[in-house]
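According to Swiss-Prot, the features are:
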type: CARBOHYD; residues: N71; note: N-linked glycosylation site
type: CARBOHYD; residues: N108; note: N-linked glycosylation site
type: CARBOHYD; residues: N190; note: N-linked glycosylation site
type: CARBOHYD; residues: N261; note: N-linked glycosylation site
type: CARBOHYD; residues: N310; note: N-linked glycosylation site
type: CARBOHYD; residues: N378; note: N-linked glycosylation site
type: CARBOHYD; residues: N396; note: N-linked glycosylation site
type: CARBOHYD; residues: N416; note: N-linked glycosylation site
type: CARBOHYD; residues: N464; note: N-linked glycosylation site
type: CARBOHYD; residues: N519; note: N-linked glycosylation site
type: CARBOHYD; residues: N563; note: N-linked glycosylation site
type: CARBOHYD; residues: N746; note: N-linked glycosylation site
type: REGION; residues: 24-90; note: region 'N-cap'
type: REGION; residues: 760-812; note: region 'C-cap/acidic domain'
type: REPEAT; residues: 91-114; note: repeat 'LRR 1'
type: REPEAT; residues: 164-190; note: repeat 'LRR 4'
type: REPEAT; residues: 214-237; note: repeat 'LRR 6'
type: REPEAT; residues: 264-286; note: repeat 'LRR 8'
type: REPEAT; residues: 287-311; note: repeat 'LRR 9'
type: REPEAT; residues: 383-406; note: repeat 'LRR 13'
type: REPEAT; residues: 454-476; note: repeat 'LRR 16'
type: REPEAT; residues: 477-500; note: repeat 'LRR 17'
type: REPEAT; residues: 502-524; note: repeat 'LRR 18'
type: REPEAT; residues: 551-572; note: repeat 'LRR 20'
type: REPEAT; residues: 573-597; note: repeat 'LRR 21'
type: REPEAT; residues: 667-690; note: repeat 'LRR 23'
type: SIGNAL; residues: 1-21; note: signal peptide
type: TOPO_DOM; residues: 22-812; note: topological domain 'Extracellular'
type: TOPO_DOM; residues: 834-863; note: topological domain 'Cytoplasmic'
Amino acid sequence: MGCVKLVFFMLYVFLFQLVSSSSLPHLCPEDQALALLQFKNMFTVNPNAFHYCPDITGREIQSYPRTLSWNKSTSCCSWDGVHCDETTGQVIALDLRCSQLQGKFHSNSSLFQLSNLKRLDLSNNNFIGSLISPKFGEFSDLTHLDLSDSSFTGVIPSEISHLSKLHVLLIGDQYGLSIVPHNFEPLLKNLTQLRELNLYEVNLSSTVPSNFSSHLTTLQLSGTGLRGLLPERVFHLSDLEFLDLSYNSQLMVRFPTTKWNSSASLMKLYVHSVNIADRIPESFSHLTSLHELDMGYTNLSGPIPKPLWNLTNIESLDLRYNHLEGPIPQLPIFEKLKKLSLFRNDNLDGGLEFLSFNTQLERLDLSSNSLTGPIPSNISGLQNLECLYLSSNHLNGSIPSWIFSLPSLVELDLSNNTFSGKIQEFKSKTLSAVTLKQNKLKGRIPNSLLNQKNLQLLLLSHNNISGHISSAICNLKTLILLDLGSNNLEGTIPQCVVERNEYLSHLDLSKNRLSGTINTTFSVGNILRVISLHGNKLTGKVPRSMINCKYLTLLDLGNNMLNDTFPNWLGYLFQLKILSLRSNKLHGPIKSSGNTNLFMGLQILDLSSNGFSGNLPERILGNLQTMKEIDESTGFPEYISDPYDIYYNYLTTISTKGQDYDSVRILDSNMIINLSKNRFEGHIPSIIGDLVGLRTLNLSHNVLEGHIPASFQNLSVLESLDLSSNKISGEIPQQLASLTFLEVLNLSHNHLVGCIPKGKQFDSFGNTSYQGNDGLRGFPLSKLCGGEDQVTTPAELDQEEEEEDSPMISWQGVLVGYGCGLVIGLSVIYIMWSTQYPAWFSRMDLKLEHIITTKMKKHKKRY
């Protein structure tokens, strides 16, 4: 009996210890709980603190505020993201990635009181440009440290090198981190246990050291400013699985010609935008584990390297932005190949026969090359294809039915080719982008396109598509870009096309045969940025509901039959940069309120070819704040920015330098005012001279009068000035000769007088710039100004001038001659009367008087 009691007692003690030990993880030390709560209170929780949160595979996950669950009533070991030692209860790991934290991370943070930490992940938060504290180097037991993408800035402290137990160090960020160049090599020297090192976008600005940990499996140094020749030892790290050296334009990479020590382990190799020294060696054939290879923008030239075709386990091969040439060889049987990009190699040519038998291919990009011929119609091995890009080649023929039958197709881009025939019905229900613009396609828009639940881009412009726009288009509730411009569509615009779509950003129905009114209601909260309806037969008024388009940057309603007064309320669209109402039936004076902010962001204002009357809208012209600044940027031309310009270029008619042309992209510096072909009257406001960024000014074919404002001399970058066919009087301001960028000048058919300015650009303008101004003189006209040399042609001499002995007869000479002639004449009279010949004398006297009088009149005109 005693033995039984003893057994039960021992069992009780054992169970008590077991329960006690299992409860230890919940016994968080009070000082550590307090430190965590103090750390929590240093930050706010902002759901927008970080938008992109990747998981370990790179896929986006949802961020959530882990610290909101922290409170005193529970043990810190149960808090979200906190992990404790099962024996001691000490906090040994803190996972706060993607926790929506926002605020300054102070160097004396209570976090540094958690001295037993082994793992610390603060990635994907927003610490608003905080410095990385040297105290991170005091976590002597730390094996994992992730501070990436949390908006840290400044120099990474050298104390990080004290963390000799680190296996994982991730500090990559685009916010402005750097390592002092001479600290990079010592940092690596002490971190001998590293398995993963990620310093992407950290400014290293140094050569690549060779003392990387021999245990490295991941080395990510993209965008770090590395330069010089990459040490070959990097390729011989025997455990290396992932090597990313991309976006180091001063880095030279020479691949080993013999078998690499990492050949069996290397799975990912990214060398995008580095310099590859030689051709791809045969040693690439030994990379039997390689799954992903990115060699875009590496100046590869010649035929596609054969060793790349031997990578039998490759899943993703990216050779875009190179100078590869010749036909694409027949693809081997890549059983695992899912992604292939040869985008923008320019000189890759030949047909597409190589496409067969790649059953796993999901994404194929052959855009921007010189491929020719039709797409083969007998391809049957691409049933897994999700994305197909063949744009900007020389492909022709009809689009084969197998493309429309792809069951999982998500994105299709066949634009900028010469495909013909009809667009067939799509089998896929998962389409998100269909781009078939700039081909020769005809027929109607297939119903299957209008019933997609995820379609975001539908770009069918510049084809020969006909018929009506079905109201079924309103089912596309996820649509962002809709471009049906430059087709033969007719009928009315469905009223619901905007009303039901809260995501629509670009609406382009220009250059069709659409009629009726714009009866769409633009609801409050819409995000439309571009509305282009020009070149149709639309009537009625400009919808007042457009005032709800707060993000609108371009509004082009030109070349229609709209009958309305000027929609002054459009001035409240403060994002508006381009406004074209040209060639309509708009009329009446342009009235404006006293609000000085109206139209302040406009860069292009085109109201030409309407029936506007009254004075020029001086107050609106004075509000054009953007035009009051000169774009002094240099280098590559910058265009009016648009977040979707990679997919879509708006087409709008621009009048500049005396010509109308359709522009698909508009320079950010291109500032234009075109008020021509209206009935404006009165004087030209001198306030236009304040618009110093103006490049083109056209006020022609109105009823303007008065003088050309001298303030125009301030328009120092003006390239085109057209004031023709008005009633402008006075002289051309001499100060206009200082406009050194002026290429086109038209002042014809006015009432200008005086001398034409001389010098610089004015010496290059011809007669047509000034014709129809009878009072103008000077070059290039035949009427010259005083002091200018005159060139007289024989055709300009009349009969009297030919009889002159000298073209320069002075008044003194005439008087002397007349006096002498008088004395002689009196003597002759005496003789004639004496000899009885009065008739002869009378005839001679009359002739002499006529000759002298004529010469005197001619010289009086000349002087």
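Cβ coordinates come from backbone N, Cα and C, glycine included.
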Fewest other Cβ within 10 angstroms of its own Cβ, chosen from the glycosylation sites N108, N190, N519: N108
N563 (N-linked glycosylation site) to N519 (N-linked glycosylation site) - Cα separation in whole Å: 14
Outside the repeat 'LRR 6' (214-237), six or more residues from its ends: residues with CB under 8 Å to it: 172, 192-208, 243-248, 250-256, 260-262, 265, 270, 272, 277
Secondary structure at N310 (N-linked glycosylation site), reduced by DSSP to three states: helix
Three-class DSSP secondary structure - N190 (N-linked glycosylation site): helix
Summary of DSSP states over the repeat 'LRR 16' (454-476), given as helix, strand and coil counts: 5 helix, 8 strand, 10 coil
CB contacts for N310 (N-linked glycosylation site) [other CB atoms within 10 A, all chains]: 15
From glycosylation sites N71, N464, N746, the one whose Cα lies nearest N190 (N-linked glycosylation site): N71
Distance from N378 (N-linked glycosylation site) back to N746 (N-linked glycosylation site), taken between C-alpha atoms, in Å: 61
From N261, N310, N378, N416, N464, N519, the glycosylation sites whose CA lies within 10 Å of that of N108 (N-linked glycosylation site): none
Spatial neighbours of the repeat 'LRR 4' (164-190) far in sequence, C-beta under 8 Å, 6+ residues away: 123, 129, 132, 140-156, 158, 196-206, 209, 211-213, 220
Top Cα neighbour of N310 (N-linked glycosylation site) in the set of glycosylation sites N71, N378, N416, N464: N378
